[in-house]
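Colleague: Got a structure for you, questions after.
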Amino acid sequence: MAQVSMKQLLEAGVHFGHQTKRWNPKMKPYIFGARNGIYIIDLQKTVRYFKSAYQFIRETVQNGDKVLFVGTKKQAQEAIREETARADQFYIDNRWLGGMLTNFATIKKSIERLKKIEVMAQDGTYELLTKKEALNLEREREKLEKTLGGIKGMNKLPGAIFVIDPKKETIAVKEARKLGIPVVAVVDTNCDPDDIDYIIPGNDDAIRAIRLFAAKMADACIDGAQAREAAIRAESDKAETDKVEVEGKGEAPAAEAAEVVESADKA
């Protein structure tokens, strides 16, 4: 299992929370103290809770599900896109549309529309349209790509969502909870941890902190995918071995029967 060290957390500024006047009292158990009017997050607890979150994400992917990364704040967008591409997962980095999960059937129609326009752009259909029609289609494609590009391949609901700043992504968290989809989130000192299934106490504003956690959760996805592939290969190898053994057992009685027939003929 990939670990996160205290050194990595300190270098990324994960321990810096919000100003003491901007906090959620429910985060008190995860706060070490305050310095110059800024809450300091207890990194020992960050390490402990990170391990649980990592293991859960790994198991989710190992079981065949995908993880939806959600980070629409500017500091999170690039890291979310890059890490989900590396781990072959899904993401929302621009704006969370209401019903993205709870009304997924409608969202899927928009995704299909996006895919259809992309095909039209590639197969020469644009060239058969007027300049205005082609321009309108391209604008529609760009708009859909901006909002839904990160979930184009998502044919079913995710097995979990990983959120940067659940206070900002309130709607996403509420939809996931309504559907029973587990929520993993980086939770800063101004957030409500009660709505999160697997919290990771930490700075959700610093780019380095966000990138660290996005990369680690992507690693968890990759670990889970590799474990799943290994299990499938092992099962396939076992099935092949069992097949060979069964065929071998079938050949032995046939050979014995042939010997009996041959002996009878000689007699």
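Placed from the backbone N, Cα and C atoms, the Cβ positions cover glycine too.
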Colleague: Which range, 128-162, 233-267, does Swiss-Prot list as region 'Disordered'?
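Modeller: Feature region 'Disordered' in Swiss-Prot: residues 233-267.
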Colleague: Would you list the DSSP helix, strand and coil counts for the residues of the compositional bias 'Basic and acidic residues' (233-250)?
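Modeller: Across the compositional bias 'Basic and acidic residues' (233-250), the residues distribute as 18 helix, 0 strand, 0 coil.
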